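Relevant sequence annotations retrieved from TrEMBL are reproduced here:
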TRANSMEM  B:36-58  transmembrane segment
TRANSMEM  B:70-86  transmembrane segment
TRANSMEM  B:92-112  transmembrane segment
TRANSMEM  B:119-138  transmembrane segment
TRANSMEM  B:158-180  transmembrane segment
TRANSMEM  B:187-204  transmembrane segment
TRANSMEM  B:210-229  transmembrane segment
TRANSMEM  B:245-278  transmembrane segment
TRANSMEM  B:290-308  transmembrane segment
Amino acid sequence: MSDTTVTARQLPDRLDNPLKSAVLSWESLLVLVALGIFLANSFASPYFLNAWSLSDLTFNFTEKGLIALAMALVIITGEIDLSVASIIALASTLMGLALQYGADTPTLVAVGVGVGVLCGAFNGFLVTGLKLPSIVVTIGTMSLFRGVAFIILGDQSFKGYPKEFSWFGQGYVGWVISFELVLFLVAAVIFYVLLHRTVFGRQVFAIGNNATAARFSGVRVDRIKFVLFCLTGLMSGIAAVLLTARLGSTRPSIAEGFELDVVTMVVLGGVSILGGAGSIIGVVLAALIIGLVTFGLGLLNVPGIVMTIFTGSLLIVVIALPILWKMWKERRA
Amino acid sequence: MNRLLKSRELWLALAILAVIVLVTLRFPRFSQPANLLTIFNDTSILMMLALGQMAVILTRSIDLSMASNLALTGMIVALTNAAFPFVPVPLLIAGCVVVGAALGAFNGVLVWKLNIPPIVVTLGTLTIFRGLAFVASGGTWVNASQMSADFIQLQRGMFLGLPILSWFAIVVALLVYVLMTRTPWGRAFYAIGVNPVAAVYTGIDVGRTKFLAFVLSGALSGLAGYLYVSKYVIASTESAGGYELTVVAACVIGGVSIAGGIGTVGGAILGALFLGVVNNALPVIGVSPFWQMAISGAAILLAVVLNASSERSKGRIILKKAEVAA
């Protein structure tokens with residue numbers, strides 16, 4: 001027999017069975033959770049399994065989900081953006097202001113999206129230009145952006161958005177398929193390709209795993225982070241258009257608390273809050289799960305604040321379970 | 001002297017003084033001692049929370065659940081008081097501290113034993129605790145008529161010219177100061193914030209120290225729970241809504257570094273006071289309170305810019321030879 005001294009580094013004969021690793025992946029766990037909640041909902045309420053109910057359900061996550069797609073990339077690079085809900089508030093307020101000056105629908109959309117990008121660029125500049133920690137910067141801009149909305153609006157509200165504008169939040173592309181859902185799915189595909197199939201996406205992962213190493217391999221770390229903050233701003237601006245169109249009015253308190261829901265979606269989707277790992281499919285599934293949970297509980301007349309117990313517990317349990325499982329396996333070994 | 005000039009606390013104190021002077025120029029009554037003491041008293045709860053948050057941030061963690069912890073313990077103590085008015089208030093306060101500490105310990109265990117990042121854990125408990133406050137109360141409020149007289153009056157009592165609430169803040173600040181500067185516990189917070197690896201080699205259990213920081217922030221949130229409810233004489237699910245980030249803001253303005261290891265008790269208190277003074281001054285000078293949010297946002301950004309520039313000059317060359325060689 002050959003020499004049996006085992007070298008420290010052994011190459012496996014074959015890679016892990018791709019089927020097996022797909023079955024054991026985070027995404028399949030999320031699919032199971034989603035199916036479980038879907039079934040539970042169907043049994044719990046007779047109103048759930050209905051095309052229009054299911055269509056309404058999607059409104060629960062499309063706006064937040066759009067932001068979560070971009071936020072996933074930001075978190076993968078090891079940064080975070082807590083100002084997204086405030087960007088919505090500011091963008092929505094400025095759209096309302098533009099409306100007072102007689103802006104038409106295309107202008108309104110341009111204002112909303114433009115404000116979003118500018119706010120994102122401001123965050124990006126503070127983080128990459130001035131080298132400040134993103135968590136503090138965006139806690140600051142979170143107050144600042146919404147604060148400006150409060151200065152403009154006070155306790156008033158803007159109403160009277162044109163009918164064509166409302167279509168963005170209330171319109172249907174066909175049958176029960178809403179424009180918001182289509183937009184979310186298209187964006188999900190774009191972000192999937194961007195993160196998993198392009199050089200840019202690989203660079204995002206590289207930054208998250210080791211920003212210094214990435215820099216030495218020629219990745220323009222700051223520029224990419226800046227672009228990602230702009231992207232998150234852009235998605236928040238788009239969400240502002242959708243939400244404003246859906247609600248038909250703007251108050252400075254619009255979208256309050258969205259930022260934490262968005263981060264919950266991203267983390268639940270398997271993106272490591274420490275950066276360097278995550279997938280768009282996971283984020284989309286997590287968005288769906290949160291939508292299912294909140295909508296199902298809503299059908300059972302559970303008040304919104306009690307729902308947050310479920311989403312909060314879901315976040316902790318889904319993250320803790322694999323860790324506990326691993327610890328248990330290690331103890332047995 | 002040089003060190004004094006560079007100290008964050010001094011500049012922050014001067015900034016607070018400047019705000020007070022500017023407002024006084026237009027409205028002399030603003031700087032009357034009685035008014036200043038009212039501001040101090042109004043800021044007491046924020047100060048205590050900021051001290052707890054500081055301990056957590058020092059260890060490179062963050063506790064976003066403090067405000068929800070406050071709402072839950074506040075609701076529990078108010079319900080207890082409404083149901084059993086004969087229970088002495090000091091006992092209730094002790095109960096608040098224990099409940100708050102237990103909630104903090106829950107955060108701490110998840111961070112310590114399961115290694116889940118603190119921001120994820122407390123993001124979860126932020127919603128869970130506030131949701132539980134709703135469940136505990138059934139969505140209703142506990143208002144003045146349901147609270148016992150002692151429960152409402154205890155913190156309003158005067159001692160040496162200051163309300164008891166202010167004394168709570170002062171005593172807590174002193175205790176935390178002693179803890180931070182005079183005990184191995186407190187020094188461990190700084191040690192693992194500055195360099196967790198080095199801390200391990202000096203025999204500090206990083207996970208356990210983080211756990212203790214969360215217990216401390218939880219206990220202070222619990223104490224604040226009683227104080228908040230009895231100060232505003234109402235316990236609702238929305239108690240201290242949005243405070244989770246205000247508390248972090250107070251710390252950042254006070255020079256506590258979000259990267260861990262840097263921060264002082266004086267800084268955290270002045271950071272809270274700065275927000276308190278600004279919020280109190282706005283209505284006086286006739287600025288709509290709607291400006292408050294934008295101003296505190298701008299203050300946070302300014303503070304973090306200043307923090308960053310003072311932290312960057314921290315590097316020190318230890319080996320002179322290496323410097324020459326390089």
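In case you wondered, yes, glycine gets a Cβ from its N, Cα and C as well.
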Excluding the flanking five residues on each side, which residues at least 6 beyond the ends of the transmembrane segment (B:187-204) place their CB within less than 8 Å of a CB in that stretch?
55, 57-60, 180-181, 210, 213, 259-262
Within the same chain, where does the transmembrane segment (B:158-180) have neighbours whose Cβ lies under 8 angstroms from its own Cβ atoms, ignoring anything closer than 6 residues to its ends? I mean 6 or more beyond.
37, 40-41, 43-45, 47-48, 51, 55, 186-187, 189-190, 216, 220, 223, 227, 231, 264-265, 269
Would the transmembrane segment (B:36-58) count as touching the transmembrane segment (B:245-278), i.e. at least 3 C-beta pairs under 8 angstroms with sequence separation of 6+?
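The transmembrane segment (B:36-58) and the transmembrane segment (B:245-278): touching, yes.
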What residues elsewhere in the chain lie close to the transmembrane segment (B:70-86), defined as a C-beta under 8 angstroms and at least 6 residues from its ends?
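Non-local partners: 49, 92, 95-96, 99-100, 103, 129-130, 132-133, 136-137, 142, 146-148, 151, 221-222, 224-226, 228-229, 235-241, 243.
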With a Cβ cut-off under 8 Å, give me the same-chain residues at least six positions beyond the ends of the transmembrane segment (B:119-138) that come close to it.
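Sequence-distant neighbours of the transmembrane segment (B:119-138): 62-65, 67-69, 71-72, 74-76, 79, 103, 106-107, 110-111, 235-237, 239, 244.
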With the transmembrane segment (B:210-229) as the reference, find which of B:36-58, B:92-112, B:290-308 contributes the most Cβ pairs under 8 Å.
B:92-112
Is the transmembrane segment (B:92-112) packed against any residues at least 6 beyond its ends, judged by a Cβ distance under 8 Å, and which are they?
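Distant contacts of the transmembrane segment (B:92-112): 61, 63, 65, 69-70, 72-74, 76-77, 80-81, 118, 121-122, 125, 129, 151, 207-208, 210-226.
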